[in-house]
């Protein structure tokens, strides 16, 4: 027995001994024995009353009733008058458990039988019980993720207020009892729960299943393949798909595969988010650190609810000497002492994710300032997203002064006490961090600090920058997108000729002249949704698209209301013909016409996804999201459509606000 099975399974010896003792002492019980009657275990209630809390097996209960039908004990369970000559079948046992079970209530010497209803009742959730509910407030969350082909950046509004309201339940008197799930088989409640636990442990506790389990038979494939060849194969699998769950599954093939899969050097990049929530415990983490992560270089511990953070960090620093990157997102109890110990004792640490670590109060600037001073030139990746901070300007000054090798800086969704208190000195960051490749300031209350003309000229810019995200929400007047204009985008993207991703959604002060001046010529991902240029007639949107039409992989023009400029821009995407690399087009909620859409479908052979939801100028029946083979089906349907078939809603007026119902 290994892993969680040893915690979930009750020892069968205890269960058998309990049943044997109950059946053996059946005839020796007196009418006043209230602690053990017919297999029930009773606990004392106030006023010297007792009630049954656990029934071990159905067989013991039915055996008492059927073996002695003529005798009624004071502590016996009444269940009708079955005949002693009949042997209870599986159906009778199930029916007895579901509908014929009863509870004896001892109330001041009187005995009353109450039937237990089989239907599961919802526990009380009324207003009068427990703590008062807090008001649910809609919050915005920035979801930034990347894959092998494209980089997707989305801003999603979580609809917390649309949850179903719970109906208040009537108050119940007496002791509230935990409801049990009914079963159609002849197994007891204990056996039924044990089966459920064993299934859950076998499915979830896959990491610790490699402790003691060994396959009984060796396969022919496993016996003859050399270990060094098998190691190379496993290594390629881990590089391509990750260590987990592949190595855990490979351990189950045969003994040889298990020995090779447990090689510590294969466990160099481990994402422990694969472990299910019930098994993310301190004990499990320490076992993995001591037995599997000796050679780990990149470890993801995001959202692990670790109770003793200091002991966990000490174990990591002591037993993972090669650790270079760690994700501690969601560790609400992380304090200054923990950060100081981690950055000081982990000598090779370079990448650090501290997103969503503040619980109630804002993060003090002193621990993060000390972090920049301690890690110094070692720090290459720093994620501080989804936090409320105090002293943001001092933190950025420390990073710009002490971290010359920084390559990634994520300060998305940063909240401060005042919208103008978090100032980002771009020129100082460009001088101090010339190797920066990724800069994310999505939906943050950060404003660009003013700089003199001399400082702007002396700044070297970000020559290696590949990704810049300045997206923000239209409704929020305090985010970076509200402060960025043509001058701001020019300051940030100075000498950024290697830029591949540009996200300026919601930047209403940014014009077409500012985008045309972007120094990059091989942009691959362009997000312009809700920008000023997408809602202005006769804007330079077509020129912007033409500049990067040869290299674009993904374009976002959602909620564009300038029909003429939008049609010209979409048509420009198809001008490269079969040389086009375009894969993803988002036209959701826009006023694009049918002909530009047909041009993109016919002339872009690599198109994988096109979003036509809520496009008011398109015919009915095609306004939806198309991905994969659905794109080819849409292409065929438009080719077979008659030429005189026009849209029913070409003359509809465009709404002032880009929010419409999705069909």
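Placement of Cβ uses the backbone N, Cα and C atoms for every residue, glycine included.
Within the set 165-218, 219-272, the record from TrEMBL flags 165-218 under the feature region 'Disordered'. In TrEMBL, the region 'Disordered' annotation falls on 638-663 of the listed ranges 612-637, 638-663. When pLDDT is averaged over the domain 'F-box' (224-272), the result is 91. Secondary structure by DSSP for the domain 'F-box' (224-272): 32 helix, 3 strand, 14 coil.
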